[in-house]
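Here is what TrEMBL says about this protein:
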- 317-326: compositional bias 'Basic and acidic residues' (COMPBIAS)
- 162-171: disulfide bond (DISULFID)
- 271-306: disulfide bond (DISULFID)
- 73-306: domain 'Glycoside hydrolase family 19 catalytic' (DOMAIN)
- 303-326: region 'Disordered' (REGION)
């Protein structure tokens, strides 16, 4: 091989190698820049402060609850709660609700998504509250859905709801763990977990939930926002779209929507039993509130029921494994 030809080959090889190094460096530089941009975007995520109601959170950049839910609307939704025949006259009020909500709005409670989603979540949460505290019946004045917040505690407890096998939250002598609150809490282990969640000693003082409306709403909101177990969604998550079902969830017919909120909160007490009255009553309250809030029941979303859903946490599980199941 002639010297000139050999030199040309060597030069070509060097040029190709240099080009490869240059291209590789450029790719690395692009990747590094892209990663840096992502990190910068994360670090610059907008945080907003709106005073006492919502601060220090990206969710506070959205409307807060008082922007779209006023005193007159609360009165409209729960118009019969202070009727003479109600059992918690003078207990529930708008200010207690808003005071409790201010603790959870920075976490996304009714501050996730656009205004319609925020109003839908409000009606979904209150749909559970209204149905679980109603003293309405078929021929009641105003209809059965007008009587939410009629109760603040179980009137005739069927048992003491003390699980003596639970060592994490052992029963306290003299304390009674019957149903109390906006989404009623039952059993010692549920009072203990809820108390930890809202930083109140409900294990020793379960009566707080029928003495203090703000605390009663707080316990219900904590329950709405909190998964029962690790790697499971909260009622909030399944409603606002934060939760993506796994293949097993899909096979169990668990899909995002209002139906899954009933699954999270009540499991197989309500779900997987067909179109039973207990489930239909909760859905009816949700849709009734959507109508009253001007959203309309036509916007109640997909997967409204849980008639065929398998429970996230079947009732045969030990209480230790189901700390928050009512």
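The backbone N, Cα and C atoms fix where each Cβ goes, glycine too.
Structural mapping of features recorded in TrEMBL.
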residue: 162; record: disulfide bond; Cβ within 10 Å: 17
residue: 171; record: disulfide bond; Cβ within 10 Å: 20
residue: 271; record: disulfide bond; Cβ within 10 Å: 26
residue: 306; record: disulfide bond; Cβ within 10 Å: 29
Whole-number Å value for how far residue 271 (disulfide bond) lies from residue 162 (disulfide bond) (Cα to Cα): 25
Confidence summary for the domain 'Glycoside hydrolase family 19 catalytic' (73-306), mean pLDDT rounded: 96
Distance from residue 171 (disulfide bond) back to residue 306 (disulfide bond), taken between C-alpha atoms, in Å: 33
